[in-house]
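What Swiss-Prot says about this one:
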- 1-37: region 'Disordered' (REGION)
- 43-131: repeat 'Solcar 1' (REPEAT)
- 45-64: transmembrane segment (TRANSMEM)
- 106-125: transmembrane segment (TRANSMEM)
- 141-225: repeat 'Solcar 2' (REPEAT)
- 143-162: transmembrane segment (TRANSMEM)
- 200-219: transmembrane segment (TRANSMEM)
- 232-326: repeat 'Solcar 3' (REPEAT)
- 234-253: transmembrane segment (TRANSMEM)
- 301-320: transmembrane segment (TRANSMEM)
């Protein structure tokens, strides 16, 4: 990651927080910021991957119970016992009726996917951003370059993450037939084949690319309002990122609902829609959602999705930025010593 002034303007939505500084100061002149400014102008690929992996694991681990509720609230034909009106009420009922640890079922497979997925995302994004910015803009920051870099990084991220999403969402559903991630993987592989793990991949990409575009535009606008000097300012990055992530999450909820349907293959819902076999394809998912619930169906779970996305983005950026700073500083100190 380049450490230059104007930093965060180049980040892709919801995935990173840039603390770049160059040519002098960035905000307050405490010891921490001075140390930050004295770091080398780029971090290694291993630093980006390690920091990204930590950010992904912590983000998904902390917010996983809310994600479990979101998945259930997006169900098109939920069991009467699994109809919820609020996140708090849902978590309380799930823990009371299904066990204290039930909201965490599937967390292990999510962590296994989030680590490598986020590691590849950050490493790919940082290196492509730097390369493409040199091509498109000699001034150092091109929105086109950042957008292309983010889109390419998303292809890698979702290729790793999609199978984990399929497994964890099936484990999260009410009355799931799967008791563990391993049994779910075996059952899906045996009954539906390898393609089932990527049935929602195109929908995932279709959702994430506009998500990042909306987040990027909103984030840049908010940064101009709260941090016009574009200094390294963790508070402004977290606030702007959280609000931008919330807007992007709300706008892309219809795509997320379709993705959930493709991942979970709700038998009751598909039966009501007269769908035989397995549902595949984003267009078919859109038609099925509308057939069952009308326009309102596209916004099922929007509250949970927004509440999930805001702190997730803040956690991801703050953790990534901390580990990037910490690891780069350690590498610099080791080179100085030896």
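Heads up, the Cβ atoms here are built off N, Cα and C, so glycines get one too.
Quick caveat, the model's predicted, so the values are computed rather than measured.
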Mean per-residue pLDDT computed across the repeat 'Solcar 2' (141-225): 86
Residue numbers, six or more beyond the limits of the transmembrane segment (301-320), whose CB comes under 8 Å of its CB atoms: 14-17, 51-52, 54-56, 58-60, 62-63, 66-67, 69-71, 73-74, 86-87, 118, 122, 234, 237-238, 241-246, 248-250, 253, 256-257, 260
Top partner of the transmembrane segment (234-253) among 45-64, 143-162, 200-219 - counted as Cβ pairs under 8 Å: 200-219
For the transmembrane segment (45-64), sequence-distant contacts whose Cβ falls under 8 Å of one of its Cβ atoms, 6 or more beyond its ends: 1, 103-104, 106-107, 110-111, 114-123, 126-127, 308, 311-312, 315-317, 319-324, 327-328, 331
